[in-house]
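*Asks:* So that we are looking at the same thing, I have put the structure below in structure tokens.
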Amino acid sequence: MRLSELHTGDQAVIVRVEGRGVFRKRILEMGFVHGKTITVVQCAPLRDPVYYRIMDYNVSLRREDAAKIEVELISSNATSSPASNDIGEQSANPDSNESIPTNPTEDISAKTKSEIEIEVKPNGHVIRVALIGNPNCGKTSIFNRASGAHEHVGNYSGVTVEAKEGLFRHGDYKIEIIDLPGTYSLSPYSPEELYIRQYLSEETRPDLVLNVVDTCNLERNLYLTLQLKEMGLPVVIALNMFDEFEKKGDTFDYPALSAMLGIPMVPTVGRTGQGLPELFDTLISIHEGRNKIIRPIRINYGSIIEPAVEALTEKINNQLSLPYSLPARYIAVKLLEGDKEMNRFVGEQPKGLFILSARDFALREIDEHLTVARDAESIITDQRYGFIAGALKETYRSSYKQLKTLTDKIDHIVTHRVLGFPLFLLFMFIMFEATFVLGRYPMDWIEAGVGWIGSMVNTFMPDGSFKDLIVDGVIGGVGGVIVFLPNILILYFFISLMEDSGYMARAAFIMDKIMHRMGLHGKSFIPLIMGFGCNVPAIMATRTIESKQSRMITMLVTPLMSCSARLPVYLLLAGAFFPDSAGLVLFGLYFLGILLAVLLARLFKKTLFKVEDVPFVMELPPYRMPTSRSVIVHMWNKAAQYLRKMGSIILLASIVIWFLSYYPRYSEEAVLISQIEQIEGNPQLDEEKKTSQIEELNRKAHIEQQEQSYIGRFGKAVQPVLAPIGFDWKMSVSLLTGMAAKEVVVSTLGVIYTGDSDDSDEAARRLGERIREDRDAEGNHTFSPIIALALMAFVLIYFPCIATVVAIGRESGHWKWAVFSIIYSCSLAWIVSFLIYRIGILFF
């Protein structure tokens with residue numbers, strides 16, 4: 001029977017895993033091994049993928065991948081019993097009955113002890129500690145608490161996509177802590193896992209490894225721990241989320257497990273900092289050689305595999321001179337597992353080909369003793385999980401409470417076949433509506449404050465170019481952008497809730513089938529959603545996607561997700577031309593970006609990238625209530641980033657734009673003064689007509705001044721390209737300057753339109769009003785609702801900001817893709833805006 005044939009509520013025991021390559025490797029390492037109990041929890045709204053529970057954690061698989069797993073049904077449509085009933089049961093492996101050392105000192109070979117002996121060498125008063133653990137284990141929370149940093153934390157895989165370093169003092173030592181990306185194993189299954197293994201193996205090898213473990217999911221998390229021990233690394237375990245474990249009511253003799261594994265263990269609560277002083281005291285005791293618990297262990301891989309491991313280990317010791325301190329036994333096991341990176345590494349060493357030949361001979365001998373359904377790789381994985389299960393059998397007792405947890409109840413609603421998609425769309429609409437509606441009130445207050453400051457400066461500063469620079473350049477440019485800070489904070493508030501609660505992983509789960517049809521992986525959805533905040537970290541988050549082709553497609557379409565930098569443009573124009581339906585316009589723009597991403601992904605899949613079918617294997621973390629500290633830190637970081645941008649690139653851009661629009665000065669100023677004097681001295685005109693005619697003269701003179709300025713000439717030069725889509729030279733200039741950062745579009749419009757009048761009350765008016773009422777020399781409106789829509793669509797699609805282009809070039813490994821993203825996005829923006837404008841003027 002196949003796993004894909006089971007129904008919701010069914011329980012089965014895994015018999016074997018078929019398939020090959022990365023899918024089989026990853027699925028085995030995630031606990032899908034012989035003898036483990038698995039329960040079907042729920043299907044996605046489109047019936048694919050399927051949500052399973054195994055070893056006390058949740059994971060999703062596509063049906064086509066589940067069909068590769070043979071199971072034996074043990075309970076049909078039954079209420080799930082705790083997956084923790086696997087804890088304490090050895091893997092039913094017929095090839096070995098000696099995988100579990102019941103005595104802490106048993107099963108350590110004197111022959112191999114020297115080769116995997118852990119050397120903890122003091123390095124002055126600085127200790128380099130690598131922080132490593134599974135995704136969602138609270139690793140970054142511990143990093144933030146320990147180092148005082150404010151790195152973003154989230155309840156989904158892929159929050160940390162590069163190493164972060166922090167330095168702090170504890171006792172007499174400085175501790176340099178490196179937060180590595182979350183990983184399930186040390187197999188090079190994804191770019192981040194390869195990066196971690198290279199970091200731990202090469203000259204960057206740390207003094208100590210702090211392995212953060214989710215105490216509520218020990219069996220799954222300890223698999224990585226065993227791999228770290230096999231590498232000969234000095235390991236300390238932080239039993240994180242210990243408060244949640246205590247609420248479960250299970251009993252856990254962690255000192256006994258610590259002695260059994262030879263690894264010191266300290267209970268911690270990362271979000272509150274509980275247990276961290278004791279944790280770092282333990283690290284220091286190991287560094288100083290005072291800890292009596294830490295020692296090497298060796299897993300016996302059974303009567304068939306173990307002789308091959310020992311023989312290959314001996315050959316490696318005798319034949320290879322390795323550049324790094326990797327244990328020979330670890331290399332032997334990896335070679336027998338078929339680890340491609342280890343094959344490459346050994347093959348590059350002197351006499352490496354001899355070792356690979358010996359490995360091939362050993363595998364042939366192993367195959368002669370195995371059934372068709374098993375191989376060396378699966379037995380090695382089984383034995384590791386068997387070792388873990390036996391150790392937990394001695395130290396862990398489950399309370400066997402009802403498994404219908406809060407996570408199950410919430411998932412029954414948010415991933416429901418009928419309700420899943422509508423709830424997701426409703427949440428997104430609420431996010432955009434709240435961004436505009438709730439943000440409008442503080443935005444009005446800030447805008448009034450900016451206007452008041454502009455009026456005061458206009459009133460009390462003496463006339464001159466410096467006054468114009470301050471009022472039109474600095475206040476008009478920077479002030480026009482800073483008013484949108486509350487809206488951006490609200491947007492990040494909702495994104496933070498999605499990430500920290502665990503809903504982000506569910507969104508990827510329900511969207512996987514759609515993403516799969518697009519040619520993308522379900523995990524691509526997470527970078528795309530992250531793109532609503534900022535495209536740069538979203539592109540970096542594509543590292544979690546195993547398929548190179550899917551990763552490339554995701555990189556290229558991620559800039560179509562409307563980042564927070566575009567939001568000020570949308571709010572400005574939507575508020576000016578669609579005040580009663582601005583939230584709906586925002587939702588439509590974000591939906592347009594998603595729709596274009598879908599279409600382009602399919603196009604890229606069929607033309608540029610032949611996407612291989614990579615399995616969707618993704619853990620669904622339990623729901624957690626976002627802490628106020630985490631949400632506030634996330635929002636504060638984004639606010640600080642926004643304000644830094646105000647004081648740097650936007651301020652500089654505003655000043656440059658003001659200079660370009662202010663010079664050269666109007667050459668006919670003397671004629672204008674003469675005309676004004678004639679009007680004022682004309683006795684046939686009343687005061688109202690005099691004021692009206694003088695205002696009209698000033699308006700035309702200002703238009704001519706701007707058109708003759710450097711920026712006006714530049715805008716006129718590029719306007720013919722954008723004229724077919726209804727854009728005048730002012731809009732053209734704002735789009736060109738917006739290539740640096742999308743907020744500069746608003747600051748450019750603020751500089752250009754703030755100078756439209758010398759009257760302080762007029763200058764203090766809302767920028768949106770000035771844009772809406774702007775007229776050309778003939779008195780025609782330069783803006784209309786259709787042009788505003790076309791401009792917003794253009795800003796959505798065209799040139800990613802410089803930082804995004806650089807990120808695409810670096811992450812893809814080829815700058816040609818960065819250039820390609822510029823060309824295709826600008827071309828697509830012109831086409832879409834042309835269609836909006838031309839179709840719009842036919843009906844409106």
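Every residue gets a Cβ built from N, Cα and C, even glycine.
Pasting the relevant annotations from Swiss-Prot:
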{"type": "REGION", "residues": "1-73", "note": "region 'FeoA'"}
{"type": "REGION", "residues": "74-844", "note": "region 'FeoB'"}
{"type": "COMPBIAS", "residues": "79-106", "note": "compositional bias 'Polar residues'"}
{"type": "REGION", "residues": "79-110", "note": "region 'Disordered'"}
{"type": "DOMAIN", "residues": "126-289", "note": "domain 'FeoB-type G'"}
{"type": "BINDING", "residues": "Gly133, Asn134, Pro135, Asn136, Cys137, Gly138, Lys139, Thr140", "note": "GTP 1 binding site"}
{"type": "BINDING", "residues": "Gly158, Val159, Thr160, Val161, Glu162", "note": "GTP 2 binding site"}
{"type": "BINDING", "residues": "Asp179, Leu180, Pro181, Gly182", "note": "GTP 3 binding site"}
{"type": "BINDING", "residues": "Asn240, Met241, Phe242, Asp243, Val269, Gly270, Arg271", "note": "GTP binding site"}
{"type": "TRANSMEM", "residues": "418-438", "note": "transmembrane segment"}
{"type": "TRANSMEM", "residues": "475-495", "note": "transmembrane segment"}
{"type": "TRANSMEM", "residues": "520-540", "note": "transmembrane segment"}
{"type": "TRANSMEM", "residues": "559-579", "note": "transmembrane segment"}
{"type": "TRANSMEM", "residues": "581-601", "note": "transmembrane segment"}
{"type": "TRANSMEM", "residues": "646-666", "note": "transmembrane segment"}
{"type": "TRANSMEM", "residues": "786-806", "note": "transmembrane segment"}
{"type": "TRANSMEM", "residues": "817-837", "note": "transmembrane segment"}
*Asks:* Using a Cβ-Cβ cut-off of under 8 Å, list the residues of the same chain that are 6+ residues beyond the ends of the transmembrane segment (418-438) and lie near it.
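*Replies:* Non-local partners: 44-45, 487, 490-491, 494-495, 498, 503, 507, 510-511, 567, 571, 574-575, 582-584, 586-587, 590.
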*Asks:* Measuring C-alpha to C-alpha, could you say which of the binding-site residues Thr140, Asn240, Met241, Val269, Arg271 are within 10 Å of Gly182 (GTP 3 binding site)?
*Replies:* Thr140
*Asks:* So of all those binding-site residues, Gly138, Lys139, Met241, Asp243, which one's Cα sits nearest to Leu180 (GTP 3 binding site)?
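*Replies:* So, spelling it out, the nearest of the binding-site residues is Lys139.
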*Asks:* GTP site residues Asn240, Met241, Phe242, Asp243, Val269, Gly270, Arg271: biggest Cα-Cα distance, Å?
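*Replies:* Pairwise Cα check on Asn240, Met241, Phe242, Asp243, Val269, Gly270, Arg271 gives a maximum of 11 Å.
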*Asks:* Consider the binding-site residues Pro181, Met241, Phe242 and say which one has the Cα lying nearest the Cα of Cys137 (GTP 1 binding site).
*Replies:* Met241
*Asks:* Looking at the transmembrane segment (559-579) and the transmembrane segment (646-666), are there 3+ C-beta pairs under 8 A, with each pair at least 6 apart in sequence?
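*Replies:* Answer no: the transmembrane segment (559-579) and the transmembrane segment (646-666) share fewer than 3 Cβ pairs below 8 Å.
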*Asks:* Given the binding-site residues Asp179, Asp243, which one is most crowded in terms of C-beta atoms within 10 angstroms?
*Replies:* Asp179
*Asks:* Hey, of Gly133, Asn134, Pro135, Gly138, Thr140, which of those binding-site residues are within 10 Å of Val269 (GTP binding site), Cα to Cα?
*Replies:* Gly138
*Asks:* What stretch of 520-540, 646-666, 817-837 shows the most Cβ pairs under 8 Å to the transmembrane segment (475-495)?
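*Replies:* Out of the listed stretches, 646-666 contacts the transmembrane segment (475-495) most.
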*Asks:* For the transmembrane segment (786-806) against the transmembrane segment (646-666), do we get 3 or more Cβ-Cβ pairs below 8 Å once near-sequence pairs (under 6 apart) are dropped?
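*Replies:* Contact absent: fewer than 3 Cβ pairs fall under 8 Å.
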*Asks:* Which of the binding-site residues listed here (Asp179, Asn240, Met241, Phe242) have a Cα atom within 10 Å of the Cα of Pro135 (GTP 1 binding site)?
*Replies:* none
*Asks:* Around the GTP site (Asn240, Met241, Phe242, Asp243, Val269, Gly270, Arg271), what further same-chain residues have their C-beta within 8 angstroms of the site's C-beta centre?
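*Replies:* For the GTP site, the extra neighbours are Gly138, Ser141, Thr215, Glu244, Thr268, Thr272, Gln274, Gly275.
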*Asks:* Using DSSP reduced to three states, classify Pro181 (GTP 3 binding site) as helix, strand or coil.
*Replies:* coil
*Asks:* If we check Cα distances from Pro181 (GTP 3 binding site), which of the binding-site residues Asn134, Asn136, Asn240, Phe242, Asp243 wins as closest?
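*Replies:* The smallest Cα gap between Pro181 (GTP 3 binding site) and any of the binding-site residues is with Asn134.
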*Asks:* Taking DSSP states H, G and I as helix and E and B as strand, how many residues of the region 'FeoA' (1-73) are helix, strand and coil?
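*Replies:* For the region 'FeoA' (1-73), the helix, strand and coil counts are 16 helix, 30 strand, 27 coil.
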*Asks:* Through the lens of DSSP with three states only, how would you label Gly133 (GTP 1 binding site)?
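*Replies:* Its secondary structure by DSSP: strand.
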*Asks:* Based on Cα coordinates, which of the following binding-site residues are within 10 Å of Gly138 (GTP 1 binding site): Asp179, Met241, Phe242, Asp243, Arg271?
*Replies:* Met241, Arg271
